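J.: Pulled these from TrEMBL:
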REGION    1-88  region 'Disordered'
TRANSMEM  100-118  transmembrane segment
DOMAIN    102-508  domain 'Major facilitator superfamily (MFS) profile'
TRANSMEM  138-160  transmembrane segment
TRANSMEM  226-248  transmembrane segment
TRANSMEM  268-288  transmembrane segment
TRANSMEM  325-343  transmembrane segment
TRANSMEM  363-383  transmembrane segment
TRANSMEM  395-412  transmembrane segment
TRANSMEM  418-437  transmembrane segment
TRANSMEM  457-477  transmembrane segment
TRANSMEM  483-503  transmembrane segment
Amino acid sequence: MVAGELVQEHLRADTGAPDDITVGRKTSEPEGAAEPYADATYGAAPTHGAGEVDTTDPALEQEVVPPDEREAMLPNGGGGGGGGEEEGKKLETRLYCRRFAVLTVFSLYSLVNAFQWIQYSIITNVFTRYYGVSNEDVNWLSIVYMVAYVPLIFPATWLLDRRGLRLTALLGSGLNCAGALLKCASVSPELFGVTVSAQVVCSVAQVFILGLPSRIASVWFGPREVSTACATAVLGNQLGTAIGFLLPPVLVPNTPEDDDLTGHNISIMFYGTAAVSTVLFILTVIVIKDRPPLPPSQAQAVLPDTPPEDYSYKQSIINLMKNKAFVLLLISYGIMTGSFYSVSTLLNQMIIACYENQELNAGRIGLTLVVAGMVGSILCGLWLDHTKTYKMTTLIVYSLSFLGMLVFTFTLNLDDIYLVFFTAGVLGFFMTGYLPLGFEFGVEITYPESEGTSSGLLNAFAQIFGIIFTLIQGKLTTDYNPVAGNLFLCAWIFLGILLTALIKSELKRHNVNMGADSNHLACPGDCPSDKTTNGVKLEPSISFSRETSL
């Protein structure tokens with residue numbers, strides 16, 4: 001941490017660096033509201049000179065507050081404009097070009113981790129024959145990712161809150177590299193235990209990966225790009241799954257007559273993965289930092305650089321579990337994401353059950369599923385940045401995922417492989433497109449709690465549901481048929497729609513970014529007069545507007 005602070009101080013002094021982009025943002029606050037915000041910054045946001053902003057300069061006015069920004073927000077979400085307001089101290093914000101490098105490196109090593117998750121399942125029949133094990137044994141190479149996540153997410157999110165983004169990212173990338181290297185030593189029919197051990201290491205790595213997209217987006221990106229950045233970070237993981245569907249069937253074709261050739265092909269896949277993982281670990285060491293010298297948004301500017309003295313990770317968990325809207329989101333997010341994990345793990349078995357000798361097409365269908373979801377993720381992120389309609393968007397995408405699952409279920413066995421490509425694409429567009437929506441919705445309704453903690457809990461519930469769904473759907477698929485297993489998921493996704501509809505959407509982070517004040521937003525009756533959320537003091541005059549409905 002000391003070294004990180006020294007680097008930050010150096011970057012503060014180097015204001016002429018060519019990769020810096022200054023985006024000043026001005027807050028409009030009523031008289032007396034500036035002091036609590038100043039207390040909450042803990043020195044995180046220095047001001048220019050004496051802290052005064054010259055509001056008479058029209059050029060500054062145009063640069064600081066883009067006129068179309070508020071037009072893109074909800075009508076009752078902004079509290080900044082209006083006459084007769086007192087100008088308070090400015091909380092300085094800035095965007096750095098380095099944020100794109102941080103996002104790129106994270107997305108790439110997240111990609112490799114997701115690739116290692118699915119690389120066994122998509123060619124289940126090849127690995128069962130090579131290692132002499134059952135389908136259930138190979139399925140556990142995927143399920144172990146989910147099993148490892150649940151108990152380890154709490155120390156991982158504690159580490160993220162206490163030690164910061166850099167150390168967490170190094171652990172994720174480093175363990176991912178170690179697991180990939182260990183797999184290179186498992187290419188022998190009698191060494192299935194070694195490949196299981198390597199996959200366990202990779203599963204521990206993903207604990208330090210899955211919860212970072214919302215933290216990276218919030219800490220490094222501005223309010224008009226935060227949802228898109230989060231979607232892009234999630235996109236890396238989805239792309240890894242897509243490549244995991246595509247490459248293994250190509251690199252390791254089914255050659256039952258030649259075990260030596262199969263082993264050679266498996267070693268090519270493992271050694272290539274290890275080489276890429278090593279390069280990305282080196283880039284992680286070089287590129288990723290805890291945070292930029294200056295915060296990118298007002299929502300980050302009013303938060304401390306480090307947890308305050310009275311911060312409690314346990315209290316943060318308690319606060320989140322008392323948030324009824326977040327608990328509903330936990331369950332609904334777990335259902336949707338767990339269903340995606342189950343479908344991805346069992347896709348090879350579903351396709352082979354309906355279409356013999358179609359291992360290669362099973363991988364291509366999986367690729368279609370995830371690539372379509374990547375497009376959905378980016379479009380949903382852009383839509384959220386433009387409209388801030390979190391609940392409405394989440395509910396619509398959830399409902400369309402349910403319809404997509406129904407269509408996929410009843411067209412799977414119609415003896416038309418091209419129709420399966422189309423229905424899988426529709427299902428993936430909405431089902432995987434939902435993932436960043438859940439992250440951003442969770443951050444919005446739990447602000448100012450840590451993004452890492454809320455995202456970690458969301459992922460923990462996703463893993464729990466993923467384990468349960470994969471085991472039950474796998475049993476139904478084996479004992480009956482793929483339709484029975486898919487109908488099981490459809491019933492749960494429908495329940496998720498109902499739970500999503502019950503979520504009360506309060507745009508907390510959005511209103512802080514918009515500079516909401518008491519002149520425009522009335523505090524509800526249960527709003528405390530002096531609100532402190534786990535060591536972070538918020539201005540009592542601020543309340544949180546609710547999202548408009550359809």
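Glycine is no exception: its Cβ is also placed from the backbone N, Cα and C atoms.
Provide an account of the burial state, proximal residues and distances for the features listed.
T.: Only residues 6 or more beyond the boundaries of the transmembrane segment (100-118), in the same chain, are considered here, and those with a CB under 8 A from a CB of the stretch are 142, 145, 169, 172-173, 176, 179-180, 183, 199, 202-203, 205-206, 209, 212-213, 216, 220-221, 229, 232-233, 235-241, 243-245, 247, 273, 276-277, 280-281, 283-284, 287-289, 344-345, 366.
Outside the transmembrane segment (138-160), and at least 6 residues removed from its termini, the chain residues within Cβ reach (under 8 Å) are 117-118, 120-121, 124, 127-128, 167-168, 171, 195-196, 199-200, 202-204, 206-208, 210-212, 215, 313, 317, 341, 344-346, 450, 452-453, 456-457, 459-460, 463-464, 466-467, 470-471, 474.
Sequence-distant neighbours of the transmembrane segment (363-383) (same chain, 6+ residues past either end, Cβ-Cβ under 8 Å): 118, 122-123, 227-232, 234-235, 238-239, 241-250, 343-344, 347-348, 351, 389, 393, 397, 420-421, 424-437, 440.
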J.: Under a Cβ pair cut-off of under 8 Å, which of the recorded stretches 268-288, 325-343, 418-437, 457-477 contacts the transmembrane segment (483-503) most often?
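T.: Between the stretches 268-288, 325-343, 418-437, 457-477, 325-343 has the largest tally.
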J.: As a test: from 268-288, 395-412, 457-477, pick the stretch that has the greatest number of Cβ pairs under 8 Å with the transmembrane segment (418-437).
T.: 395-412
J.: Using a Cβ cut-off under 8 Å, which residues of the same chain at least 6 positions beyond either end of the transmembrane segment (226-248) come close to it?
T.: 99, 103, 106-108, 110-119, 122-123, 209-210, 212-214, 216-218, 220, 269, 297, 344, 347, 362-367, 369-371, 373-374, 377-378, 380-382, 384-385, 432, 435-436, 439-440
J.: For the transmembrane segment (325-343), find every same-chain residue at least 6 residues outside the stretch whose CB is under 8 Å from a CB in it, and list them.
T.: 142, 146, 369, 398, 401, 405, 427, 431-432, 434-435, 438, 441-442, 445-446, 454, 457-459, 461-470, 473-474, 486, 489, 492-493, 495-497, 499-500, 502-506
J.: With Cβ-Cβ distances below 8 Å as the criterion, list the same-chain residues six or more beyond the ends of the transmembrane segment (395-412) that contact it, or say none.
T.: 332, 336, 339, 350, 354, 376, 380, 419-420, 423-424, 426-427, 429-431, 433-434, 437, 482-483, 486-487, 489-490, 493-494, 496-497, 500-501
